[in-house]
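Annotated in Swiss-Prot:
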{"type": "BINDING", "residues": "PHE45, ASP46, ALA47, LYS48, SER167, PRO168, HIS169, ASN170, TYR185, LEU232, ASP233, VAL321, SER322", "note": "NADP(+) binding site"}
{"type": "BINDING", "residues": "VAL131, GLY132, LEU133, ALA134, THR135, VAL136, GLY137, MET138, SER252, VAL253, THR254, MET255, TYR256", "note": "substrate binding site"}
Amino acid sequence: MIPPKQQTALKITPEGRIAAVSSPLPSLQDNELLVCVKSIALNPFDAKSAEMSPTIGATLGCDFAGKIVATGSNANDFNFSIGDRVCGCVFGNNPNRLDNGAFAEYVAVPADLLLRIPEHMDYNEAATLGVGLATVGMSLYHCLRLPMKPEQAGKSPSGYAAITTCSPHNFNLVKSLGATAAFDYHSPTCGRQIRDFSSGNLWYALDCITDTRSMAVCYEAIGPSGGRYLSLDPFPIRGHTRRSVKPNWVLSVTMYNQPIPWKRPFKRDACPQDLEFAKSWFQIAQRMIDAGEIRPHTSDVKAGGWNGIPGGLELLQKGEVSGRKLVYEVASH
């Protein structure tokens, strides 16, 4: 298959809207593979970045699954071939590279940050993996520095028990995925319940919501000797109520080793050590996927293709998506 010169891509227009437009394909760098996108998945980052840091002309989207159609000059060292089914994530709404994003017919991806799709998994399922796996790796094993032994991947590799918060209707789901216990984050006693359940031994907290209420739950749940708190967004300073707890937040797109010229606190310099970690983490993640130890997120496959995606982003912005990931088929499987 010879890729065309033009493609459909979902971009931020000069009027500030999100629209499907005709656009050139991304230029392929030496270490990259060109993937024909079959399915994409939406993430909160897609909605937040487009709203808070929109870049005119940028291609949106991070999560994708598709088939390799071209290789860069140095990408053959990674044992990928034309026609391989792959998935992963890229830096969508990237001010450094307007021509590349997952919400397009073709996406350019570093070969060492790409995952091979196992035979038992379809494109819709695979499209949900990239951002979630990248965020888990950057959060737990890079920022919080939990121990990770590659040979134990898929077998409680960190030696820690996972306690989670969610809505009660998702309790069975998270427990089926390995959570030791689940608590209702709507409850005013949620933090205290977790602290009692863990006998005051909770040391690490990862806050996927990041507001004053979720931060208060995490701080109350952490044991009396203190611990470490990590959020997926900049945390409210007024929520830092315990000196014994060390707070931080993670921006996973630093793993691409590119400067991020957004406004503070999102502005970052290039970070080569984050890229090196990501390379090693994706190798571990691939082994876990191959062993069947990674289950794709519950997906909700929506209709509408490219034109339906803006509506899905609105659902995320309104907080109307719970316990599932919105997926769109954008090409025939």
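From the backbone N, Cα and C atoms, a Cβ is placed for every residue, glycine too.
Locations of recorded Swiss-Prot features on the structure.
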residue	record	DSSP class
VAL131	substrate binding site	helix
GLY137	substrate binding site	helix
SER167	NADP(+) binding site	coil
TYR185	NADP(+) binding site	coil
ASP233	NADP(+) binding site	coil
SER252	substrate binding site	helix
SER322	NADP(+) binding site	coil
Show which residues of the chain containing GLY137 (substrate binding site), separated from it by at least 6 in sequence, have their CB under 8 Å from its CB.
PHE277, ALA278, TRP281, PHE282, ILE284, ALA285
Compile a sequence-ordered list of residues in the same chain as SER252 (substrate binding site), six or more apart from it, whose Cβ lies below 8 A from its Cβ; state 'none' when nothing qualifies.
VAL131, ALA134, THR135, MET138, SER139
How far apart, in Å, are the two Cα atoms that lie farthest from each other among VAL131, GLY132, LEU133, ALA134, THR135, VAL136, GLY137, MET138, SER252, VAL253, THR254, MET255, TYR256, the residues recorded as binding substrate?
16
Measure between the Cα atoms of every pair in PHE45, ASP46, ALA47, LYS48, SER167, PRO168, HIS169, ASN170, TYR185, LEU232, ASP233, VAL321, SER322, the residues the record assigns to NADP(+), and report the largest value in Å, rounded to a whole number.
26
Does anything in the same chain, at least 6 positions from SER322 (NADP(+) binding site), have a Cβ under 8 Å from its Cβ, and if so what?
SER167, HIS169, ASN170
Determine, to the nearest whole angstrom, how far the Cα atom of ASP233 (NADP(+) binding site) is from the Cα atom of LEU133 (substrate binding site).
17
Within 10 Å of TYR185 (NADP(+) binding site), Cα to Cα, which of the binding-site residues LEU133, THR254, TYR256 are there?
none
If we count other C-beta atoms within 10 Å, could you say which of the binding-site residues THR135, SER167, THR254 has the fewest?
SER167
In sequence order, which residues at least six apart in the same chain have a CB under 8 Å from the CB of ALA47 (NADP(+) binding site)?
LEU313, GLU314, LEU316, GLN317
Tell me whether ALA47 (NADP(+) binding site) sits in a helix, a strand or coil according to DSSP.
helix
Could you round the CA separation between THR254 (substrate binding site) and PHE45 (NADP(+) binding site) to a whole angstrom and send it over?
13
Counting other Cβ atoms within 10 Å of each Cβ, which of the binding-site residues TYR185, TYR256 scores lowest?
TYR185
Roughly how many angstrom lie between the C-alpha atoms of PHE45 (NADP(+) binding site) and LEU133 (substrate binding site)?
14
